[in-house]
Amino acid sequence: MNMAESHLNPVERTAAPAGTQDAAHGRPLAPLNAKIEVNNLNFFYNKFHALKNINLRIPEGKVTAFIGPSGCGKSTLLRTFNKMFALYPEQRAEGEILMDGENLLTTKRDISLLRARIGMVFQKPTPFPMSIYDNIAFGVKMFEKLTRSEMDDRVEWALTKAALWNEVKDKLGQSGYGLSGGQQQRLCIARGIAIRPEVLLLDEPCSALDPISTGRIEELIAELKSDYTVVIVTHNMQQAARCSDYTAYMYLGELIEFGETEKIFIKPVRKETEDYITGRFG
């Protein structure tokens, strides 16, 4: 790193996806196919400054992973995309999160409609206290009026996409609580995609799962990117390397480096990124 680079802030020294780097200034430019554009995003828990001037472009139809040590802000950043913070008056976001040119932070659009476009799956499997069938149908009924036959087709479609249909097709009337942890997480993914969102957010989706269930979820993530833009938060760097096309490394609320996953893991631009990936830090 030369002397001029050493005085740039972390975002200005960010590595952007191939073909998107402004060589003159070292700043990331928006990919032509960016699905979400984050501009000068700051986030606060009361007076605590949790995210600091984040600038990031999430490529469409790809899997983007957020990595970094606990408390670095990766889950906070993920949850700003569908305004989960709106539930808590002491939390606020400033800046822009653009999707199709619309700033999601200031839009007057009904928040439930926003979350229909940007689905989310949480760290711990959270099936609803109802049947497997109704877990899938519940969200669909909020946004669409389908006949019973159409709903049956949608339920089968979502469970098939989540690689769960063959395991539950004969017990759709049974409680989702009766499924294994891995099956419950796939049920939650099926529930998320049943309303046909454009973006799917996954917050540590495998942290509570065994290795076999984790492998199935990772295979599913690879398949889902053909239809969705996927953003995943993970503490597991091997998982990020296996599953994602792009990776963002965060530390203390700042975006340190962002780029193609292979380049981030093999030849990162920032020493901080290299130290974290190689286990010398974090």
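In case you wondered, yes, glycine gets a Cβ from its N, Cα and C as well.
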Where Swiss-Prot places region 'Disordered' among the ranges 1-26, 53-78: 1-26
Long-range Cβ environment of K74 (ATP binding site), under 8 Å and at least 6 residues apart: F66, I67, G68, V233, A248, M250
Cβ within 8 Å of the mean position of the Cβ atoms of G68, P69, S70, G71, C72, G73, K74, S75: remaining residues of the chain near ATP: T76, M250, Y251
Site with most surrounding Cβ atoms, counting all protein chains shown within 10 Å, from the binding-site residues S70, S75: S75
